[in-house]
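**Q** Pasting a structure below so you can have a look.
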Amino acid sequence: MPNLNTMDTTYGALFIGLILSAILYGVALLQTFMYYRRHPEDSRIMKSMVFLLCALDTGHLILCTMGLYDYLISNFNNPDALVRTTWTMNLQFSGTGLIGIIVQCFFARRVRIMSGNVILTVIILILASVEFSLGILFTVNSFILGNNTKLAKLFWITNTGLGCAAAADIMIAAALCYYLNKSRTGSSRADSLIAILIAYSVTTGLISSVIAVLCVILFAAMPNNLIGYALFLIIGKCYVNSLLAALNCRDSLRERLDQRPNTLLRLTLTPVGALTSMAHITEDPLSSDSTNTKYPYTDTLEDT
């Protein structure tokens, strides 16, 4: 149970978590602005998903801010108020789960298109669904208990949900890296781009899983404080930023190619459907190692 007499490691930790969450929210807003400005050609479904995630992320930050304001400002010097749960802090758990399942479904779709592996995709979706369901279960039980000192009874829900989230994120990152690596052609130019895509996949996929694992460790090792919950506040922000980074990295990849004055490597993006496109790396026929062939990397660069 949280020791409410130790404010530094309980609500002080939550306050720091809220600050970090606000910083990541600002980064997400910037990335959202960049996305809408640079990718007006994307489909309405993709744009709507980005808008929904931005709205959910905003709502999550508002809920966390209201909850902490109630504890630290409205009920200042009122120790009895610190032990009761608030509806705002209870709902933020479901908000994080909803953000997580949307982002994981997005990346699961990428895995499905790249690999054609239905079983792997289903496993990822099941893990994401379990995570979301446990988030709702935690919220419901938080309302029922109504007391922060009893939340330790729900640690199994939190840890199981975070474990599923971490497993899904690791599977997504590993699958993307594996199938991208299998696409290596022997061409230095094509393989260079694949290496960049692998780096993006690892970076965007593992950050949230590392944080989820850290939360589980902190919940288990330090059950008497709220440091784990403070770290939990930023998971949703990491999910949103990872998806936006995946969408916006298309510009970065183009810029990397354009900045090579001695290469004739070109990037061609050919729409295939409303939600799918085929990215081709085309070697110029005048290039020394060119075979004038196209190498498909499905749905890694373009989501229209």
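Cβ from N, Cα, C; glycine included.
Just so you know, TrEMBL annotations never went through curation; they're auto-generated.
What TrEMBL shows for this protein is this:
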TRANSMEM  12-36  transmembrane segment
TRANSMEM  48-69  transmembrane segment
TRANSMEM  89-107  transmembrane segment
TRANSMEM  119-144  transmembrane segment
TRANSMEM  156-181  transmembrane segment
DOMAIN    165-252  domain 'DUF6534'
TRANSMEM  193-220  transmembrane segment
TRANSMEM  226-247  transmembrane segment
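In terms of burial and nearby residues, how do these features look in this structure?
**A** Note on the transmembrane segment (12-36): residues 47, 50, 54, 57-58, 60-61, 64-65, 68, 71-72, 225-227, 229-234, 237-238, 240-241, 244-245, 247-248 of its chain, located 6 or more positions outside it, place their CB under 8 angstroms from a CB of the stretch.
Long-range neighbours of the transmembrane segment (48-69) within the same chain, counting only residues 6 or more positions beyond its ends whose Cβ lies under 8 Å from a Cβ of the stretch, are 11, 14-15, 18, 21-22, 25, 28-29, 32, 35-36, 86, 88-89, 91-92, 95-96, 98-99, 102-103, 106, 233, 236-237, 240, 243-244, 247.
Through the fold, the transmembrane segment (156-181) approaches residues 97, 100, 104, 107-108, 110-111, 114-115, 117, 120, 123-124, 127-128, 130-131, 134-135, 137-138, 141, 194, 197-198, 201-202, 204-206, 208-209, 212-213, 215-216, 219-220, 232, 235, 297, 300 of its own chain, all at least 6 residues removed from its boundaries and within a Cβ separation under 8 Å.
Note: the domain 'DUF6534' (165-252) comprises 76 helix, 0 strand, 12 coil (DSSP; helix = H, G, I, strand = E, B).
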**Q** Are the transmembrane segment (119-144) and the transmembrane segment (89-107) close enough to be called in contact, which here means at least 3 C-beta pairs under 8 A that are separated by 6 or more residues?
**A** yes
